[in-house]
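Novice: Following this message is one structure expressed as structure tokens.
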Amino acid sequence: MTANAGGPRTVSKAETDDHRSEPTEDDAPLGSPRVADPVIKSRDLDVYYGDEQALHGIQMEIPERKVTALIGPSGCGKSTFLRSINRMNDLIDIARVEGDLRFHGKNVYDEDVDPVALRRKIGMVFQKPNPFPKSIYDNVAYGLRVQGKDDDVDEQVHTALERAALLDEVEDQLDSSGLDLSGGQQQRLCIARAIAPDPEVILMDEPASALDPVATSKIEDLVEELAEEYTVVIVTHNMQQAARISDKTAVFLTGGHLVEFDDTNKIFENPESERVEDYITGKFG
Amino acid sequence: MSTSNPFAEGTEDIARKRLIGRVFVAICFASTLVGIVALVALIVDVLYESWGWVTWEFLTYPPSQVIENFLPGGRGAGIYPAIVGSIFLIALTAVFTVFLGVGAAVYLEEYAGDNWLTSFIEANIANLAGVPSIVYGLLGLAIFVRGIQLGSSLIAGALTLTLLILPIVIVSTQEALRAVPDSQRQAAYGVGATQWQVIRDVVLPRALPGIMTGTILSLSRAIGETAPILMVGAATSLFVAPDGLTSPFSAMPMMIFEWATLPEPEFQHVAAAGIVVLLTILLLMNAIAIFIRNRYDPRS
Ligand SMILES: Nc1ncnc2c1ncn2[C@@H]1O[C@H](COP(=O)(O)OP(=O)(O)OP(=O)(O)O)[C@@H](O)[C@H]1O
Ligand SMILES: [Mg+2]
């Protein structure tokens with residue numbers, strides 16, 4: 001915990017009276033429910049790629065053990081925001097992050113935070129399934145091994161596969177290559193790999209966008225179940241998916257602004273912002 | 001007009017373009033043919049010249065100045081010390097290049113920042129790949145033979161050949177590393193691997209076939225090089241195989257060159273026999289490269 005972690009919010013630029021006005025840079029999004037005990041809290045988060053600013057003053061509080069969906073048109077910065085949570089943006093040379101992103105109150109961009117340690121607490125699942133060219137078993141065990149959690153690997157691998165709803169399908173072929181699985185199975189394998197070392201948060205960047213409807217619905221069921229134990233942040237292009245599986249929804253709009261963030265029901269039934277309503281009803285985006 | 005062929009318009013133009021296409025195919029085919037015919041002619045000629053000369057004695061005896069010794073019933077003479085010399089030379093060169101080449105490539109590709117210095121170094125490595133081999137020979141002579149007093153030894157030869165192929169190995173290794181998909185690295189970083197773990201577990205295994213192929217192909221270029229080891233002072237005809245890092249050595253290309261310059265016409269056959277042995281070893285090395293690429297490709 002750093003000194004100002006629990007301090008009062010800066011009110012100077014954010015709070016305006018007129019709630020229907022569109023937010024300007026650095027504004028809190030419309031909605032912005034109070035989240036008791038947020039796991040992740042971003043304040044005035046700006047991300048730049050070179051000279052291009054991809055995110056503008058993002059304010060968001062992500063609740064524990066809930067599914068938070070990030071939606072918005074292509075290029076609005078959803079993936080960028082997701083990657084700034086576990087500092088995967090560090091791997092992009094030209095990316096630069098300013099502002100605060102707090103995990104349990106600690107700014108993950110502080111000098112004394114090791115991004116490797118951070119990623120051990122915040123796992124990630126990518127858009128395209130990316131299993132290693134290793135056996136199913138070794139894929140799931142990989143996180144355990146790099147993190148040195150390698151006593152009782154067998155049991156942890158089985159638990160992870162079970163939680164990822166994959167164990168029944170692969171139980172007797174754990175030694176065969178992860179690449180021999182179907183796309184949907186590969187994605188669940190990647191989910192198993194992400195949860196095996198038991199992180200607190202799982203970030204998912206359009207985990208079902210490369211999958212057929214059946215595989216997609218399996219992933220959706222899985223996400224809901226995962227939220228019983230983990231905090232899930234999921235990017236999706238699919239409105240129905242966001243509506244079905246998430247508790248909170250954040251709507252980013254073009255230019256990298258978080259326009260509205262609220263309970264999913266509220267966003268889909270009665271959004272504050274007209275632009276969000278237009279986007280959700282498919283008028284643009 | 002309406003009942004006639006609706007595609008009639010422009011057919012002449014299409015026919016002309018198609019003709020150009022055929023001419024182009026013919027030129028490409030002719031080029032291929034020239035290459036293949038030359039290669040086949042070369043191999044046939046060498047095989048014909050050496051027919052009957054590649055005997056067990058030829059592989060296991062030291063050379064001789066007297067042609068009778070190479071003939072059946074003679075005392076026995078051959079290329080043995082040069083084969084051993086070449087194999088030692090290549091083995092040593094392989095060890096040096098793998099460590100230096102792969103090390104440098106991993107550093108440049110994975111660790112070095114994207115700044116002007118890195119670009120400058122990379123551009124120069126690419127340029128070094130084009131420097132004639134005799135220049136490396138001179139460098140080897142100045143540095144290894146005279147500078148650090150290794151003399152005309154096996155190790156001086158190996159270090160010189162290492163310098164020669166290092167740029168190619170670095171460049172091909174960098175390419176292999178670059179070809180590792182980002183998604184694989186991200187997968188490893190995503191579960192909390194350190195950079196070293198990512199490189200060891202994901203990047204290197206995935207790049208290994210490419211690295212091996214590049215390295216072995218470079219080595220098979222090195223094994224046929226004459227100029228650099230000539231400069232370093234490899235012996236032309238040595239009667240004993242080298243038995244240590246600092247012993248004098250001979251190598252197959254040197255030996256072949258020596259025989260080819262001898263006046264007796266029969267020595268042309270001996271030279272051809274040497275070429276056949278050299279080519280066989282080269283083919284073997286390339287076959288190993290292909291085998292390794294297929295065997296250790298993690299995707300298969
Ligand atoms: N590696 C990068 N280098 C430079 N610019 C980038 C990079 N990644 C993203 N951007 C830019 O940042 C902006 C936001 O991109 P981001 O990938 O976060 O969008 P997104 O909302 O995830 O889009 P999509 O729905 O298409 O995945 C875009 O304008 C994009 O061009
Ligand atoms: Mg994206």
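Note that Cβ sites are derived from N, Cα and C of the backbone, with glycine treated the same way.
So TrEMBL lists these for the protein:
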- B:23-48: transmembrane segment (TRANSMEM)
- B:79-108: transmembrane segment (TRANSMEM)
- B:83-288: domain 'ABC transmembrane type-1' (DOMAIN)
- B:120-144: transmembrane segment (TRANSMEM)
- B:150-171: transmembrane segment (TRANSMEM)
- B:229-250: transmembrane segment (TRANSMEM)
- B:270-292: transmembrane segment (TRANSMEM)
Novice: At a Cβ cut-off of 8 Å, and with pairs 6 or more apart in sequence only, do we get at least 3 pairs between the transmembrane segment (B:120-144) and the transmembrane segment (B:229-250), yes or no?
Specialist: yes
Novice: At a C-beta cut-off of under 8 Å, are there same-chain residues at least 6 beyond the transmembrane segment (B:270-292) that contact it? List them, or none.
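Specialist: Those are 43, 46-47, 49-50, 53-54, 58-59, 67, 70, 79, 82-83, 86-87, 209, 212-213, 216-217, 219-220, 223-224, 252-253, 255-256, 259-260, in sequence order.
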Novice: Under an 8 Å Cβ to Cβ limit, what residues of the same chain, 6 or more beyond the ends of the transmembrane segment (B:23-48), are close to it?
Specialist: 272, 275-276, 279
